Structure formats: C-alpha cells, structure tokens
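Have a look at the structure below, then the notes.
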C-alpha cells in the first residue's frame, strides 16, 4: 500500500482531489482519489504504487493550492489493541529509512479534535520506541524524512512519511497562531499566516522590515494593516469605512477614504500591496496586475474569493490569467497561492519579482 495522503480544509476535499489528480497526471502518474465529504483529507491511490514516493519528492508542494500536507501512506492499521498500539506500528515500519522528526496527527475536523489530546500524549512513547528501534534520530534532524502517524480513531491509524524538503513544516499543515488582543479583527491572522507560509523566515528582516511603505486596499477596520504596523511599516489604508483608532494612534497609518479599486499612489515608493476586498476574483486579479504594470508596488499579498461551485477551476483560471498578464511585464515574477488555515471560501495569493527581491538582498 503506497498511496498519497493529502490534508485539506474540511469541505474542500473535492478541490484537493481535483488538484492532485491533475498535477499527478501532468507527471504521468495516474490514479484515483478517495474522497469523504468534510473529512479534511483525501487519499490518492496510484495504479503504480512506486509513483507515490516519486510524487512526494518531485511534485512541488509549494505549488499546491488546496493541499495543506502531502505524504506517502505505506500502512493502514485497524482494530489496534488499545493496551499496545506501538508494537504493530514498529512491525509495520521496519523497512523505513531513519526519520528525523515525528508527527502524530489527526484531521482538522470537530469530530477528529477529540483525538488531539490522545495524539499529544501518544507522541512521547511512540517517539521513544521509534528511537529505540533506530527508526527515528536521537535528535530532531531537519534533512531527514518525517514519520507521520495519522489517526482516524484511537485504534485506527495511517502510517507514512513525507520529505522535509517538500512538505509543510507545520504540525497538521497548520501554523499555530494566536490572535493578538489588540488586533482590530481576526482577519489579521490571514496575513500573518501568509507571511509564515510564503516568505522564508530568513528573509523577514529584508522583506518585512521597519520603514517599508505599504498599501492596504479595503483596509477597514484594519486587521491586515495591523500586521504591517507591528512590523514597523508605514501604511496607507484605503477604504471608505472606519479604521480602528488604535491603529491611527500609532502615527504609522494614513487613512484615505476612497475605493480600493480606483485609488493609486502618487509616488512609486510602495513596497507591499495587500488586499482582502470582497469582489469577483477576475476583477481583483486584473487590478493586481495593473499595480505591477505601473510599478506601484514590488510585492503583493491578496485574497481571491471563490464561488460556491467549480472552486478549483476558478482558482487555477485566475492564477493563469495573472501569470500571463505579469509575463507581459517581466518573466521574473513568482506566483504562489494557498488556501490557508484562516481562509474560508477563498485563497491567498502572493506575488513578487525575483529580480526586485535580489536587489533587496544586495542592499543587505
């Protein structure tokens, strides 16, 4: 049994299934997806089992939109003896290469959350047993595969592994963030998560630094502006609504009452453009391309709201449209997109120009 296990947002299993089916077939890897609505995961069964490992290594995880985590499943163990779950796990995985990390996980559903406490408690004895059997390094080792135990019930587990160079670094594929007490809205967490997912941590001091100028379109009440302000940026917040007074009191925010689709900066000194406006994805996509065409920003983070039907097709279509529009400007643009944990019926898209980022690096 060598299949792919893919974590996703509950309710988006069909989108994850469509995505893995298309991306795998593009690599001449064929199979079918087993989908259970609202389960928070998809199993992709390959006709050639050896191709599961190939996809786990070669299909770029960062390019996947609706998939939070990707791993190879090698064994499914059911009806485990509750007094000794560890022995059958060790027996099943004797052929594994030594792994550098262990993740005992479950699905991101209300039902599965009841297993979360068990998973935490079970991690310690399982880690000790794996190390004792030379299946896990004595210390966490970033460049080794990750050992996954994905529990569907306390006596039912899927065992597998992912590659640390091509997976999500986060437990269950979810960054653990807390909404700051002084943030104007919980939407603030969307942008914070986007920074964690899209911008390498070692580049934060260069690309998310104090003194940068940023624009937040559709800013009110200021959830996204808050994330920029806390990093020391000077922010122009564009919205006809009211901004949180706590943000205005920082002296870092200039509030312009205008339509975010219409307003443009008078100077070409904006680095970040962020946007969480509710509108048709096509309109937002073309607006973002226009900002780059006019050199009104150098890096952007924005959300695309998805329709109720054909969500995967709509997401892919708009990203392809954006890619073609940006190619007319420069071939150095990079587009990343993900349905983040804090996103709902939407995806977050990140755009930057490799050449412009390299110039920032040169200044360092």
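Just so you know, glycine gets a Cβ as well, placed from its N, Cα and C.
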Matching residue for the S-adenosyl-L-methionine site, where Swiss-Prot names 187, 220, 221, 222, 223, 259, 276 - out of 205, 239, 290: 239
Site of maximum Cβ density within 10 Å, from binding-site residues 222, 223: 222
DSSP state at residue 305 (active site, proton acceptor), helix/strand/coil: strand
Around the Cβ of residue 259 (S-adenosyl-L-methionine binding site), the count of other Cβ atoms that are within 10 Å: 12
Same-chain residues at least 6 apart in sequence whose Cβ lies under 8 Å from residue 221 (S-adenosyl-L-methionine binding site): 184, 185, 241, 242, 243, 244
